[in-house]
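Peer 1: I have a structure I would like to understand better, so I am pasting it below and will then ask my questions one at a time.
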Amino acid sequence: MELTLNSSSSLIKRKDTKSSRNHESSSNMSFAKMKPPTYQFQAKSSVKEMFTHEKTFKLEGEEATQRWEKLHVLSYPHPKNDSSVPVFVMLPLDTVTMSGHLNKPRAMNASLMALKGAGVEGVMVDAWWGLVEKDGPMKYNWEGYAELIHMVQKHGLKLQVVMSFHQCGGNVGDSCSIPLPPWVLEEISKNPDLVYTDKSGRRNPEYISLGCDSVPVLRGRTPIQVYSDFMRSFRERFDHYIGGVIAEIQVGMGPCGELRYPSYPESNGTWKFPGIGEFQCYDKYMRSSLQAYAESVRKTNWGTSGPHDAGEYMNLPEDTDFFRRDGTWNSEYGKFFMEWYSGKLLEHGDKLLASAKGVFQGTGAKLSGKVAGIHWHYNTRSHAAELTAGYYNTRNHDGYLPIAKMFNKHGVVLNFTCMEMRDGEQPEHANCSPEGLVKQVQSATRQAGTELAGENALERYDSSAFGQVVATNRSDSGNGLTTFTYLRMNKRLFEGQNWQQLVEFVKKMKEGGGDGRRRQLSEEDTTGSDLYVGFVRRSRKVEEASLV
């Protein structure tokens, strides 16, 4: 059969233009005034049902799900010897509203249809702890996510779901505010040491301090138990879909979902690039751990506090005695402190991934975790910004191999950011090397036998950024990528040139990276997929899509 989308009305019919525009402006999730190229969709009979499926958001039973999956067998996950790399696209942060409903379902439906046509493998969504368990301990509301899962399945796409145990708001790219659950914030108000604290006593409410991982501080449960119960609830609610339409579970392990300390918080101007950040080890649980560690190695005096000479958030390495070229970081004390500080982070990741493995083992879904791409001051000896974040990576010490080995221990994919960045794009005074950092992580994951996935750190739509990802994937310096997740779906992505860049990028990644040179898509690209998209030279305006 052949389906031709001649205008936006084939996707969406507006009932009330004025009211739709008013409602659109009230949300961060907007797809208004998009001008992508017009496409012609062709589908073989094997995907016919995708376009004729009943438009209902009631989840179907296991038998129906299995029939659907047999009709829509996608290529993820790929075997290691397959050079094709599936591309996912992150959905908006507010995909599910604070009231627990899918945000702008008609706009989402149109967007998913376009992504499917572009050859995208699937989408990623945050399952926010602050939304799902906001009504009280173990009172979970998954309904908005159920609605999304059904819609993703209807379009023959896959879904990566992030177990997001952190706050949304206050960091790069955060366009909305989703705090931790109210009952958790109530416990924090009674006991402020539940959250990370810097040497000035500044508390950070983004994420529960790993210092209390094994302490029953959340109404009789430890944080690890709370995270485990949350994941178990997700599995029970969507058991028939995990390993099918839900292809991957990413386990959040810190601020922004990354395994790190919140050493560079942007909220209230606390930190700005390229500051070195600050150590986050001053809540009572972290201080108690440091003291116990110092006593265990017979250095009791070193356990009273963190480094006194490590400077402040906005400093550069040479401004401080700890991080300067031959600073304290390279002394016996510096090694003692960094072994403890980075070791606690590894221990936290190990506990959480072990818990996730226990919950999701046998489901068929991939497990992944994210590590931050902290590339500034990478070309200095101390790697200051990495140290404050908990990565003990210096000129003399590999900080990423232990992380990669810990991920491999649990069979977890290591998802790394800043894949799109080039060294030449960075300011000279920041001593950046995103390319060197990525190569090091590629090497570490290859040595550890750990699968590697990637993301872009910042919103980029240009051929240079996409080309860098392609080049990284085909590099001989280390692991190729198992998947790539593009940040992020918004109205700019669907603008003509941006959209074309994405489509070309998806095609190159499916081909295993290509030759790295920019090529125009042919009028009809039928390789590697039952459903394909061909460019039509005309371009038409897609009408505004909004929640009705």
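Any Cβ shown, glycine's included, is placed from N, Cα and C.
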Peer 1: Quick one: sort out which of 1-33, 298-330 is the region 'Disordered' according to TrEMBL.
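Peer 2: Residues 1-33 are the ones TrEMBL records as region 'Disordered'.
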Peer 1: Given ARG488 (substrate binding site) and GLU258 (active site, proton donor), what distance in Å do their CA atoms have, once rounded to a whole number?
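Peer 2: Each residue's Cα considered, ARG488 (substrate binding site) and GLU258 (active site, proton donor) end up 17 Å apart.
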Peer 1: Neighbour count, 10 Å Cβ-Cβ cut-off, for ASP126 (substrate binding site): what number do you get?
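Peer 2: For ASP126 (substrate binding site), the 10 Å Cβ neighbour count is 24.
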Peer 1: Among the recorded positions listed here (ASP126, GLU258, HIS375), which has the Cα closest to the Cα of GLU455 (active site, proton acceptor)?
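Peer 2: The smallest Cα gap between GLU455 (active site, proton acceptor) and any of the recorded positions is with GLU258.
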Peer 1: What's the number of neighbouring CB atoms sitting within 10 A of the CB on ASN456 (substrate binding site)?
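Peer 2: Excluding its own Cβ, ASN456 (substrate binding site) sees 22 Cβ atoms within 10 Å.
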Peer 1: Of all the binding-site residues here, HIS375, ARG488, which one's CB has the most other CB atoms within 10 A?
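Peer 2: The largest 10 Å Cβ neighbour count belongs to HIS375.
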